[in-house]
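**Q** Take this structure, written in structure tokens, and hold onto it; I'll ask about it next.
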């Protein structure tokens, strides 16, 4: 009888990536097959996130539901992982004694051993340690699920922003060696992946070891990824302004595989608030990066993160944030009301901004961003955009859906053989969360991948000088 695994995931793209790797790992070691139905599962895993307010209570609420399943099936294994587990492991054990496994973001690769241990002596297992590189050494073989894929290149963060739990829950920065990253991406490309999204809590701080023992830079890595046959688009998430060096900007100038869209969190437009947040950069320095980026790639669009109502934020501070939003002309944002995360320095600050004021500021900020995003979308009306077709549309299963380079979802009429390929689409309609278009050119008509024989290359490139001596001219 097939054993089944159910994973519930909350939070960031890194958590989504971790969950997919857990599923692949437990399939390889124990033969567990994923199921969307918790009642069918032999193992239940909750991959948690501590960024949102009341994250801990959300975890216990979910565990309470699963407790009922365990009462019906005592052999059921329940595991809690992710950032809440790392932060609140002992509390979870005390309050939810029926949980069998508690693991942190850096120990998910040890799940097979943990499950074996629980199956053996029924004793609970808690492992929320921070082994430096071991997790990367034990990743399962990559498995493509469509034309796009996430690839983790580093973990953790050394920035210690005063509001953020990441350094405490995921540890300090650890970079994967470049060879491991490139091999994983090459394997994915061989399975039909056309776009990769490089992941890290502070991805542009990557400093991985190269094959010759030297330390590479993120700019080096981007160029190496772009050289992999089959990879046509590169994205990365999430960056820190302080690590956004000029050599990365130069990659935007000369590497077309790197998309014209960047998510670069700023959090506030007030230098005073940025200092309280421990961001180590000013609003002017942030704008200087954007100015250089647009000089290198004029059509690039920028999204960002904002926290409103941070302790001590005045009306003037908020107005400076709104000015920055207008100056940069952000295309999109993830914006939140400040809520203290236990164990962070900001949790000890006086939360002196009234709740209603926070809500009002968030509304104003989001309305402005939405207006700017719609203006960007309207500029695309009537233009031809290259779409990577990801699958059927969520709105209409008789239509296809894909993304533009600037991360817009486009729905259009097409045929199944277009999935996984590029099409050029004329944008005909603009909506708040998507675009609509009609196909004007398929990938077969683009000449993107023209197979050539060695003889044809020689015939095309062979030249002779005036003495009749042959040479090659690429």
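Positions of Cβ are set from backbone N, Cα and C atoms, glycine also.
Quick paste of what Swiss-Prot says about this protein:
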DOMAIN    3-120  domain 'MTTase N-terminal'
BINDING   12, 49, 83  [4Fe-4S] cluster 1 binding site
DOMAIN    143-375  domain 'Radical SAM core'
BINDING   157, 161, 164  [4Fe-4S] cluster 2 binding site
DOMAIN    378-441  domain 'TRAM'
**Q** Counting other CB atoms within 10 A of each CB, which of the binding-site residues 83, 161 comes out lowest?
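**A** Taking 83, 161 as the binding-site residues, the minimal 10 Å Cβ count falls on 161.
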**Q** For the recorded [4Fe-4S] cluster 2 site formed by 157, 161, 164, which further same-chain residues have Cβ atoms within 8 Å of the site's Cβ center?
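**A** Going along the sequence, the neighbours come out as 159, 160, 163, 165, 166, 167, 201, 202, 278.
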**Q** Between residue 49 ([4Fe-4S] cluster 1 binding site) and residue 164 ([4Fe-4S] cluster 2 binding site), find the distance joining the two CA atoms and give it rounded to the nearest Å.
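**A** Residue 49 ([4Fe-4S] cluster 1 binding site) to residue 164 ([4Fe-4S] cluster 2 binding site), Cα-Cα distance: 12 Å.
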**Q** Can you tell me whether DSSP puts residue 12 ([4Fe-4S] cluster 1 binding site) in helix, strand or coil?
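**A** Going by the DSSP assignment, residue 12 ([4Fe-4S] cluster 1 binding site) belongs to neither helix nor strand, so it counts as coil.
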**Q** Which residues of the same chain, at least 6 positions away in sequence, have a Cβ lying under 8 Å from the Cβ of residue 164 ([4Fe-4S] cluster 2 binding site)?
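**A** Correct list: 157, 341, 344.
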**Q** According to DSSP, collapsed to three classes, what secondary structure does residue 49 ([4Fe-4S] cluster 1 binding site) have?
**A** coil
**Q** On a simple 10 Å Cβ count over all chains shown, which one of the binding-site residues 12, 49, 157 is most densely packed?
**A** 157
**Q** Whole-number answer please: how many Å between the C-alpha atoms of residue 83 ([4Fe-4S] cluster 1 binding site) and residue 161 ([4Fe-4S] cluster 2 binding site)?
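**A** Between the Cα atoms of residue 83 ([4Fe-4S] cluster 1 binding site) and residue 161 ([4Fe-4S] cluster 2 binding site), the distance comes to 16 Å.
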**Q** So, in DSSP terms, is residue 157 ([4Fe-4S] cluster 2 binding site) helix, strand, or coil?
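**A** SS state of residue 157 ([4Fe-4S] cluster 2 binding site) = coil.
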**Q** How many of the residues that make up the domain 'MTTase N-terminal' (3-120) does DSSP mark as helix, as strand and as coil?
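**A** Grouping H, G, I as helix and E, B as strand yields 66 helix, 22 strand, 30 coil.
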**Q** Sorry to bug you, but what's the C-alpha spacing from residue 161 ([4Fe-4S] cluster 2 binding site) to residue 12 ([4Fe-4S] cluster 1 binding site), rounded to the closest Å?
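**A** Checking the Cα atoms of residue 12 ([4Fe-4S] cluster 1 binding site) and residue 161 ([4Fe-4S] cluster 2 binding site) gives a distance of 18 Å.
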**Q** Over the span of the domain 'TRAM' (378-441), how high is the average pLDDT in this prediction?
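**A** Taking every residue of the domain 'TRAM' (378-441) together, the mean pLDDT is 95.
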**Q** For the domain 'TRAM' (378-441), how many residues does DSSP put in helix, in strand and in coil?
**A** 5 helix, 33 strand, 26 coil
